[in-house]
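Taken verbatim from Swiss-Prot:
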- His111, His115, Asp301: Fe cation binding site (BINDING)
- Ala133, Val134, Ser135, Gly136, Gly137, Asp166, Gly179, Asp183, Asn273: substrate binding site (BINDING)
Amino acid sequence: MLLLTLESSCDETSAAVVRDGRQVLSNVIASQIDVHALYGGVVPELASRKHMEAVAVVVDDALRQARVALGDIEGIAVTRGPGLVGALLVGLSMAKAMAMSLDIPLVGVHHMEGHILAPLLEQDVPFPYLALAVSGGHTHLYRVDGIGRYRIVGRTLDDAAGEAFDKVSKLLGLGYPGGAVIDRLAAEGNPKAFDFPRPLLKKPNFDFSFSGIKTALLYYAQSQKGPIEGDHLRDVAASFQQAVVEVLCKKTLRAARETGLQRIVVAGGVACNKGLRRMMGERSAKEGFQVFFPSPGLCADNAAMLGVAGDAYLAGGCTSDLDLNARSNWPLDQAGWPQPCR
């Protein structure tokens, strides 16, 4: 099946063409980072306006790069949620209009479902596996038994890991978004320079907490007489990142051991983090687990990642009606098969 996919849940407008749920023919992303960087975070109203300006352009670009005509498209998959309602509605409106005008099936897909299935676009990852979904809005562990079959194993109790990176970056005067900047500084710093807390590591569950690490760094910054810069800044960034990454790795590996799952997928925007990729890779190999990451281009929000689930749902006859609406809050374990049909 030749599928057109649309993503507009936050601050990236994306369209892709995916064949048979695995072959990415194009994946076009229009980023809004420069717009929101001025405000230190995503402004929902601005995000919606920028999506409206970009959505038709990215669709045209995706079709052109894939070298297919609009009439060749056999189905459409679109992010239904979770995310910013106004932003989601732009993608949904475009998807529904195209599905109606072309008389082709439509299916709404969960944003994080796209992320945790993204490695399947590039690698053979047999089910079942443990997925760490880690981004600016999510830090969850899921047991993935198949497409549409997800069970929550653990979750953040407060901030998501990506949110903590962004807040700490703002606190240190590094701007928005913060993940890439901190990762770059951390590579040149001493991760043992400061001992920031590792919350919940001694708890027997698989839940996360990152607000304590962020608060500890805030108190440290307030205790300094001058600005944190130079080698000092690099050491603070490295120590903060080390604390976050260590919590993510230890909790994930503990969950893998106790669930008996031998394969681990790490996905979402924070999966681009070089420190996380290195530590998870080394520790997983040491304990005999296979770990899979999407390539960096499939870690950030993108439309191609919707192709895996979208193709499977449509091939199975699971379609959405044209009255499909956005869901700003939508637990993934309530979004699998046959939920897109409802």
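Just so you know, glycine gets a Cβ as well, placed from its N, Cα and C.
Keep in mind that this is a model prediction, so the values were computed, not measured.
Each of Glu7, Ser9, Thr79, Met112, Gly114, Ser135, Gly268, Gly269, Asn302, Met305 belongs to the same chain as His111, His115, Asp301, is absent from that list, and has a C-beta within 8 angstroms of the C-beta centroid marking the Fe cation site.
For His115 (Fe cation binding site), the count of additional Cβ atoms within 10 Å of its Cβ stands at 29 [all protein chains shown]. For the binding-site residues Gly137, Gly179, the greatest number of Cβ atoms within 10 Å around a candidate Cβ is found at Gly179.
In this view, His111 (Fe cation binding site) is surrounded by 28 other Cβ atoms within 10 Å of its Cβ, with every protein chain counted. Comparing Cα positions, Asp301 (Fe cation binding site) lies closest to Ser135 out of the binding-site residues Ala133, Ser135, Gly179, Asn273. On the backbone, the CA of Gly137 (substrate binding site) and the CA of His115 (Fe cation binding site) stand 12 Å apart. For Ala133 (substrate binding site), the number of other Cβ atoms no farther than 10 Å from its own Cβ, over all displayed protein chains, is 27. Under DSSP, Gly179 (substrate binding site) is assigned to a helix (H, G or I) in the three-state scheme. Each residue contributes its Cα atom, and for His115 (Fe cation binding site) and Asn273 (substrate binding site) these two points are 15 Å apart. Ala133 (substrate binding site) sits 11 Å from His111 (Fe cation binding site), counting Cα to Cα.
Taking the Cα atom of each, Ser135 (substrate binding site) and His111 (Fe cation binding site) are about 11 angstrom apart.
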